[in-house]
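First comes the structure, then the notes that go with it.
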Ligand SMILES: O=C1C[C@@](O)(C(=O)O)C[C@@H](O)[C@@H]1O
């Protein structure tokens with residue numbers, strides 16, 4: 001919570017910088033920039049702070065999550081991209097900072113290859129949004145801003 005406003009951190013993992021051009025039949029035509037612009041507009045309407053972070057590097061994502069421990073972040077929305085299916089380190093970071101999070105996937109990972117069905121995050125997430133396309137980010141941000149408790 002910063003200045004009485006809920007603070008939401010949206011983290012996108014590897015290859016999500018290519019949203020809009022990458023396999024559009026799976027991920028749609030909206031770019032990450034479109035998602036960020038819509039998120040900032042929504043933040044104003046919700047009277048919340050929304051920060052976006054994208055990295056293709058696992059360690060950079062771990063660093064960002066650790067930073068959130070002490071900067072007033074009330075909730076994290078994370079699309080870990082390919083790290084969904086591999087990253088013990090990102091899972092451990094989320095648990096280490098004890099910040100509630102929503103796991104988000106643009107595509108429906110359960111309707112894809114079997115190895116995408118397992119996530120290192122789902123059993124610890126407060127909520128999971130899959131298969132809603134880029135609109136999922138808006139749903140997740142609204143849920144954190146309206147329903148997640150303030151952190152001290
Ligand atoms: O990079 C991604 C994107 C994804 O997280 C999604 O948003 O649907 C699904 C993952 O399996 C994939 O590796």
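Heads up, the Cβ atoms here are built off N, Cα and C, so glycines get one too.
Source: prediction; values computed, not measured.
Sequence-distant neighbours of residue 22 (site 'Transition state stabilizer') (same chain, six or more apart, CB under 8 Å from its CB) are 15, listed in sequence order. The site 'Transition state stabilizer' annotation in TrEMBL covers 22.
Residue 27 (active site, proton acceptor) counts 19 other C-beta atoms within 10 Å of its own C-beta, drawing on all protein chains shown. As annotated by TrEMBL, active site, proton acceptor applies to 27.
What TrEMBL lists as substrate binding site is 79, 85, 92, 106, 107, 116. Long-range Cβ neighbours of residue 85 (substrate binding site) (same chain, at least 6 residues apart, Cβ-Cβ under 8 Å): 115, 116, 118, 119, 120.
In this structure, residue 105 (active site, proton donor) is part of a beta strand by DSSP. Spatially close to residue 105 (active site, proton donor) yet at least six residues away along the chain are 79, 84, 129, 130, 131, 136, judged by Cβ distances under 8 angstroms. If you look up TrEMBL, you'll see 105 marked as active site, proton donor.
Rounded to a whole number, the C-alpha distance linking residue 106 (substrate binding site) with residue 27 (active site, proton acceptor) is 6 angstrom. Its own atom aside, the Cβ of residue 79 (substrate binding site) has 26 Cβ atoms within 10 angstroms in the protein chains shown. Under DSSP, residue 85 (substrate binding site) is assigned to a helix (H, G or I) in the three-state scheme. Among the recorded positions listed (22, 92, 106), 106 have a CB atom closer than 6 Å to some atom of ligand 1, in sequence order.
Note: the CA-CA distance between residue 107 (substrate binding site) and residue 27 (active site, proton acceptor) rounds to 6 Å.
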